[in-house]
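See below for the structure under consideration.
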Amino acid sequence: MVRGVSELLERRPSFLLAILCCGFWYWLIVPFTSREWLPFLANRFDGTIHFILGGLLFGVGAALNKGCSISTISKLASGHFYMFATVVGWIIGWLLLPTLTPPVSYQPLENIDTPSLPALLVIAIGLLFTILKTSATLRKLLFGVIFFGITASTLTLMEPQWSPSQLLKDISYTIYHSESQNWPELERYLILLGLVVGMAFGAKSRLPIKAFEVRAKQIASHLFAGVIMGLGASLALGGNDSQLLIALPAFSPAGVVAIISIILGIAAGLVTRNVYKRRKNKKNRST
């Protein structure tokens, strides 16, 4: 999603639009199954200030990390082992929020059975327009995002809580509450393992283990970014993967608010980082 926001800042919104549509493929898949309703459709909340703050925090953390939930796992699978610091930071962030603030209450909304047809038509037309307007060089990448969306929606149908941030959240809460009997099911670990293995095999280039160097500053920066992402995800009831694959397909106002806030947070982080780099380069040239 960081790449998508970066493209948006360059006035190329198609990549980000394809990412935002990832979870809606669920509604095209479910008619071909025998399932009529899934528990994740009950995850609808009013868009309160908690989702705004959580989304902004997660977005800023993702910009510092140079990657959101799925891209963190992808880089980790490609041999960039410093991303372990981000994962550890996520868990710390999830655990830190309950100790720093009083219990946060959220306003649940009524469940939905199926979305309105006009809403799905608007999404489908928007996606088609996006594909047609995308340059040939980016179209292959765009189709990759669409394929991921179809695969992710299929996984959501099989296991609604499969996403990495949801798994880390449940692990964190199990540790925090010392509830050894409530560890996530084995299937969720296997899905994440399969995701990592698939990304490792599909990576264009992998960083050899011998080439990996432990740099204290790099580890500290990714740990810090992970903590901020964890705090934000805890406030918003999930990272960007959960918002895209669960909250948005359920037409949750909270999901819309969280995603918009994540985009704004990432944009603010990217702009700030670019300004800092320009000033640093200017200072180096002057000396």
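Note: Cβ is positioned from N, Cα and C throughout, glycine not excepted.
Because TrEMBL annotations are produced automatically, they should be read as predictions rather than curated entries.
Positions annotated as transmembrane segment by TrEMBL: 12-29, 49-68, 80-97, 117-134, 141-158, 189-207, 219-238, 250-276.
Within its own chain, the transmembrane segment (141-158) has Cβ neighbours under 8 Å at 14-15, 18-19, 21-26, 28-30, 33, 35, 38, 40, 127, 130-131, 134, 191, 245-246, 249, counting only residues six or more beyond its boundaries. Outside the transmembrane segment (219-238), and at least 6 residues removed from its termini, the chain residues within Cβ reach (under 8 Å) are 43, 45, 50-51, 53-62, 64-65, 68, 82-83, 85-98, 104, 106, 163, 165-166, 168-169, 172, 246-247, 254, 258, 261-262, 265.
A Cβ distance under 8 Å defines the sequence-distant neighbours of the transmembrane segment (80-97), meaning residues of its chain 6+ beyond its ends; these are 65, 67, 72-73, 165, 168-169, 171-173, 175-176, 207, 212, 214-215, 218-220, 222-235, 239.
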